Amino acid sequence: MDNAIEVRDLIVERGKRTVLHGISCDIPTGRVTGLLGPSGSGKTTLIRAVVGVQIVRSGTVTVLGRPAGSAPLRRELGYVTQAPSVYADLSVRENARYFAALRGLGAAEADRAITDVGLAGARDQLVGNLSGGQRSRASLACALIGDPKLLVLDEPTVGQDPVLRADLWTRFHELAAAGTTLLISSHVMDEAGRCDRLLLVREGRVIGDDTPAAIRARSGTDDLEEAFLRLIRQLDEVTA
Amino acid sequence: MSLRITFATAGRILRQLRHDRRTVALLLIVPALLLALLYFMYDGSGATFDRIALIMLGIFPFVIMFLVTSIAMLRERTSGTLERLLTTPLGKLDLLFGYGLAFGLAAALQGAVATGAAYWLLGLQTTGNAGLVVLIAVVNAVLGVALGLFCSAFARTEFQAVQFLPVVVVPQILLCGLFVPREQMVGWLEGISNALPLTYAVEALAQVGLSAAATTTMWRDLAVVAGATVVALVLAAATLRRRTP
């Protein structure tokens, strides 16, 4: 299978507002795809649709060949929400062990995931006492347990120090090399260059879907932030 | 539904509780302290204390577990952990039964402390067995958990969750026969009282107060409370949606 995720004509309304206006895109298997766009562009809504917790108006989301949210997918998916969704009143280890237990795995897998995100030294601390960056790494650890085929990470590197951020990106690419598909949202453009593929979203529409190199070439600049701006201007000129 | 996941979830909830020592202390001690208050209020009137303390042993766990559960479940919703759990192999019933099991265990401990204090320190006297009082208290607590899980679906904030206490719990306390004997109520009030599960729990406790052996009425009442618990859990499962707007 070439595409881990296939989205077709996805329309999502939240309240009276249309958040996604008929998005179609493919996320390739075994690659790191960056979902980029400003805050409020619909990134989180698209992610929620992929993990199958979003009510959609119309369109289809196919994940690993099945409709998003279907029961067998729940064993194949690791999901990190934007706010660190771990229990603040449990230690890092107790959190990881619980999420391991949900997948039928033991303490060894839980400890390995904690080491992977660099939290081995803080594993017995309560998550509530950790810094913001550590807390989101604790949340990430819980998603890594059991080597899911698909990792969906909503802004996983916010608040991390630069060295750790680089470590995490190295880890993401190791996972991709081993066949894991990663969909990672970010609103920081300097992370875009680290992705194999980019999906640029603005106001609920896909305005770019290509490799970073191709996007740079098309917009005629090496700076991805500038490239994003140019794509928006091109689009505005077309619609104007 | 998987037993392994249900037990893992109950274990996780108990571990959360264990880290919160103040809550554990409050859960274990407050009912006993309130009973002591009743003891001094009805100083010298043993029969009245016996009647009211016995009923309170059933009402306290119901109220406390309702409150604790609705807040705990609301936290799962607002912190994003619920959304995350629903993308894992965990079934809705695993989560709901996990809560029932964890808080049911906490209630058993609470019931044992409160009942022990009532009989040994405060001289509570019942014709029936104290073990039955603990049993009814635990079933009542699980009813509180189930109603709390169900009601938390309708609350978006802690403020709203707490407001369900006067809506769902207080009418049951007012109409259970503690303040006015049920047969003296106006017909329509008695009808409402008949439809409220706490009424049966209180009647079951009164049976323990009056009869040496467990009566058929007591078992029937207990079955009604257990049935209401199952209905509340099913309703809670129905309102727990994997997909949200």
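Cβ from N, Cα, C; glycine included.
Among the features that TrEMBL reports, domain 'ABC transmembrane type-2' is placed at B:22-243.
Residues annotated as transmembrane segment in TrEMBL: B:24-42 (among others).
Marked as transmembrane segment by TrEMBL: B:54-74 (among others).
Feature annotation from TrEMBL assigns transmembrane segment to B:95-120 (among others).
Annotation comment: TrEMBL describes B:132-155 (among others) as transmembrane segment.
When Cβ-Cβ distances below 8 Å are used as the criterion, the transmembrane segment (B:162-180) is approached by residues 52, 55, 59, 62-63, 66-67, 70-71, 144, 147, 151, 154-155, 189, 192-193, 196-199, 201-203, 206 of the same chain, each at least six residues removed from its ends. Positions annotated as transmembrane segment by TrEMBL: B:162-180 (among others).
Through the fold, the transmembrane segment (B:222-240) approaches residues 92-93, 95-97, 100, 135-136, 139-140, 142-143, 146-147, 149-150, 153-154, 197, 200-201, 204 of its own chain, all at least 6 residues removed from its boundaries and within a Cβ separation under 8 Å. Per TrEMBL, the feature transmembrane segment maps to B:222-240 (among others).
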Based on Cβ pairs under 8 Å, which of the stretches B:24-42, B:54-74, B:95-120 lies most in contact with the transmembrane segment (B:132-155)?
-> B:54-74
Determine which residues of the chain contact the transmembrane segment (B:24-42) at the Cβ level, with the cut-off under 8 Å and only residues 6 or more beyond its ends counted.
-> 17-18, 48-49, 52-53, 56-57, 60-61, 64, 68, 106, 109-110, 113-114, 117-118, 121-123
